[in-house]
Structures are given as structure tokens and as C-alpha cells.
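Undergrad: Quick one: the structure is below, questions incoming.
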Amino acid sequence: MCGIWALFGSDDCLSVQCLSAMKIAHRGPDAFRFENVNGYTNCCFGFHRLAVVDPLFGMQPIRVKKYPYLWLCYNGEIYNHKALQQRFEFEYQTNVDGEIILHLYDKGGIEQTICMLDGVFAFILLDTANKKVFLGRDTYGVRPLFKAMTEDGFLAVCSEAKGLVSLKHSTTPFLKVEPFLPGHYEVLDLKPNGKVASVEMVKYHHCRDEPLHALYDSVEKLFPGFELETVKSNLRILFDNAVRKRLMTDRRIVCLLSGGLDSSLVASSLLKQLKEAQVQYPLQTFAIGMEDSPDLLAARKVANYIGSEHHEVLFNSEEGIQALDEVIFSLETYDITTVRASVGMYLISKYIRKNTDSVVIFSGEGSDELTQGYIYFHKAPSPEKAEEESERLLKELYLFDVLRADRTTAAHGLELRVPFLDHRFSSYYLSLPPEMRVPKNGIEKHLLRETFEDSNLLPKEILWRPKEAFSDGITSVKNSWFKILQDYVEHQVDDAMMATAAQKFPFNTPKTKEGYFYRQIFEHHYPGRADWLTHYWMPKWINATDPSARTLTHYKSAAKA
């Protein structure tokens, strides 16, 4: 995890513009660099480094002697870089995984390059010989990327929007900043004056398609067919591989553990993989919650079962409320459920940064969207409709859960790794017949639970524990986090303010006082940028007025049972 930033065709003083790049310094606390592009005085790169691999030669932009005309700034991890290096006999100058991008591009061009990358990434690649600029982002947008571009060809790119909003340009006083779409790459022409012109935007991968890099994967051969035992075996193989490949780091690895199915599977598998790799340190797991939190109790059971070195982080309602301003600033969104869920993750990341030397964190993000884990999937009218909704959620991860996971950890200089969003694992899961993936017997993620039932990775009570949203599980059922927040904002937003909400906020008008309160904070930090959130996250197929699972009939029934 790092912070990348670049300008092309700036007509303002670069030393002034570069101040904007310092707004993402939290993403790379170990080192930073600004570098002008040779022959283009109005083009430059900025890089904030979190040293995870190759501490000696890992600074960026990456340039190697063999390709003096190529400049690369990237944020991410390319897990198959060694396999590709060996397959094509590339001669590396560094041990940095991103160097593979330069070699692949020289060999086969940008499309083949990006399709061959197994990992999470956002990059800016400059080819001064052919006068081209390329931007690219991974399939699910696990690594963030934003851009601003004017009609006269000024281009600015950054890992977070906050690094672009204060940039100046003579023809456009208010730069439109927007997220770069996941699963896409863009080709731009570089003009002699340093400005650019977009040539094409290409969608290179659909989440259901097996990625091209699967041809060079180290995964053992999968069994054909959709018999249940065959599918379960294949899923176990792919999940183990997804965790194993993410061990790539020179820094200590830890794991977030809520006690829910997803993070518990990741933690247990991770501990197994670390032992097999003969890693010498014990796995640390971290859980957060208020007193009487069901997550703390469940996480404690998992930690005892797998034998991790477990840490519990307690917080109270006042600490959570006080963090809201920092959280919304870090998130760059005002989505209600995202803000709620981010507070706990922000606070536990802060604790890890302050109290440990670890920077690489594993987590269970992406599973709910992939495996139909949200409780409202019980109301899906058909398996086909559930499949459509699952794919929609995956496509929008970069606006919600992936955004939350990245910003709350990156705010404290940490790097998150998410095995459930592995290309091979997710594409295989989505290739299964729709009826195999729906909730069964009143239990969501039934297939995933069945898959690991005989693996001894988890206690049965955890494997079959009902879904609990992270923002709900950190507090007790009697005093839910969403209720604490709503009670607080009741005294911050009055009825008169709500009556004029549509006039004050005509786009994505908040319908609740909680939503109004978050929007106020967002507008304070990012005035006029409400379009970064296209819509609020809400459950489907039910008449929900609040995104919390604890407001749903299914949850209430389960809680009473």
C-alpha cells in the first residue's frame, strides 16, 4: 500500500501543486519522492512509500536501465510477478513486484500486461518513446485511483481524491475529480507540451471471466463439473491459494478478526499457511468492540481455537462519535452504512499502528458480496436475481466496502489484503450454478459454510454463526451502534434542518438526521463533491429505511430464537 500522484500538462507552479500530494502522505509513511519527467517541465510524479517488499530498491517512480523511456508509479501487489519472470525469463533489476509491469509492457503492450497481472493495483505508466500515458486499476478496485482531466489536456491522478481537490488550472477553477473505474485501463496520447488526450477507455476483465493469468498459475488442477463435493474441493484449493499468495511481504502479517465467518476463515487459513511457510513469529489477531459485543466473544473463541496471539480493543460510544469527523475525511464519502462500519475499523487500525510494528493486515472483505452473505438475500425472488445482485454489489465494491477497508487502514499507514476477492477464487465462485449459491435452510453463505465444514478450520458454532454486520457486531443487541449514533444526531440535527434538506442538498438528499449529519461533515471537507457517491447503500427486495441488518425482520426473528 502506497500513495501515487502525477500531473501532466500543469500550467501552475509545480512546487505549489506538489503540496496537494502531501495530503496522501499517510498512505506511505516510510519515504516520499517527487520527480520531474525528463523533457517535460510541467509533468511530474509523486510517491509516498510504505515499504512492504524490497526496502532498498522499492522507491518510485520505477525506472530500469533496460527501458529508460518507461516511468511507472503503482500502488499494489502483483502476486504472480515471480512466476511471470521465470516463465518469460525476464531479467530483473530489483526485487519489486511492480517491475513486472515494465517487462510485460515492453513484450506485449498494455492490454496483455494488465490481463496478466494477478493482484491488486492502481498504476500510472508513462512511455516517453511512444508518447503514451496509461492508467489501470484492478478488477474490484481494491486499490484506489482518482483522476481529474480538463478539456485542454491537463491530467492529474492520485490514490485519493483529497490529493486532487485543491489543484489549480487556468481554464478550470473547479476541477472535476472522479474515481477511475475498476477493471479498466485508459490509453492517452502525450503531447509535446506535456498535455494529454484520451484515446480509449477499455474494460479488460469481467468478474465472472477466468483471468488470463490463470494460464500461469501455480494452483493445482481443478476438478471438472458441478457436483457438490467437486465444487467444495475446488473452493478449498482456490481459497488456500488465495491466502498463500498474499503472504508476499518483508513485514509482519496480522489479521483482523471479528468472529464472523469470513474473517475467521481468513485467520484460520492464514495461520495454517504461515506455519507451512515456517514463519517464525506468532500470528496476531485483533478484534474491536464495546462491552458485551458479540463480536468480541466470538473472536475470542476463534483465537483460542486456532491459537493466535489475540488482542481486544475496547472503545466506548464517546470515542466512536468523536472519530466521525476523521473517519469521513479519510473515507471521502457520506454513505450511511459505510460511515457506521468504518468507525470500528478506523479505531482498530489506529491501535495496530500505535502498538505494533505490523503493517500488512488480512481481512474478510468481499465475501458478503461474492457469496450472497447479506441477510436480504433471503428475500431474492429467484437464484438468477440473487446472482445479478451479487455481481452488482461486486461492481460497486469500490464505492462502499472496498473503499472503507482501504481508507480506514491507509489512514494509519497500513496495507489490507483481502483473499475473498482473489481473481481465481471469485471467478470460479461466480461460475457456479446460481441455485448453488443462494441461502439455504434459512442460512446465508450456505455453500461457503458447507465447503469448510469438515476442514477443522473453525468451531462449528462459528462456522454456522448467523451473519452480523461489522457495524452491528461491535456493540450489543440491546444497544446497537446505529441506535447510539441516531440518538446522538437527534440532538445535532433538528426538524427545521430536515425540512430544508432538499434545498441544501439537492443531490442525494439525506432522508434521516443521521444522513444529514454525515453530509454536513462531508461538505465541510469536500464542498461540492457530493457526486463522488452515486447512491446510498441499501438492502434490496425489502422496504428498508435503514441499512442496519438489525432492523430486518429476519434478524429480529433469529435474535429472539
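Each residue, glycine too, has its Cβ placed from N, Cα and C.
The model shown is predicted, which means the values in this text are computed figures rather than measured ones.
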Undergrad: Quick check on the annotation: Swiss-Prot has L256, S363, G364 binding ATP, so which of I288, I328, I336 does it put in that site too?
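TA: Looking through I288, I328, I336, the residue Swiss-Prot assigns to the ATP site is I288.
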Undergrad: Within 10 angstroms of the C-beta of E365 (site 'Important for beta-aspartyl-AMP intermediate formation'), what count of other C-beta atoms is obtained when all protein chains are considered?
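TA: Counting Cβ neighbours of E365 (site 'Important for beta-aspartyl-AMP intermediate formation') within 10 Å gives 27.
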Undergrad: I'd like to know which of the recorded positions C2, L256, S363, E365, T545 sit within 10 A of G76 (L-glutamine binding site) at the Cα level.
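TA: Final answer, ordered: C2.
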Undergrad: Using Cβ atoms only, which residues of the same chain lie under 8 Å from S363 (ATP binding site) while being at least 6 residues apart in sequence?
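TA: The answer is C255, L256, S263, V266, A405, L416, R417, V418.
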Undergrad: What is the number of other Cβ atoms found within 10 Å of the Cβ of G76 (L-glutamine binding site)?
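TA: Within a 10 Å radius of the Cβ of G76 (L-glutamine binding site) lie 24 other Cβ atoms.
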Undergrad: E365 (site 'Important for beta-aspartyl-AMP intermediate formation') to R49 (L-glutamine binding site): how many Å between their Cα atoms?
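TA: Roughly 24 Å, rounded to the nearest whole number.
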Undergrad: Can you tell me how many other Cβ atoms are located within 10 Å of the Cβ belonging to A51 (L-glutamine binding site)?
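TA: The answer is 18.
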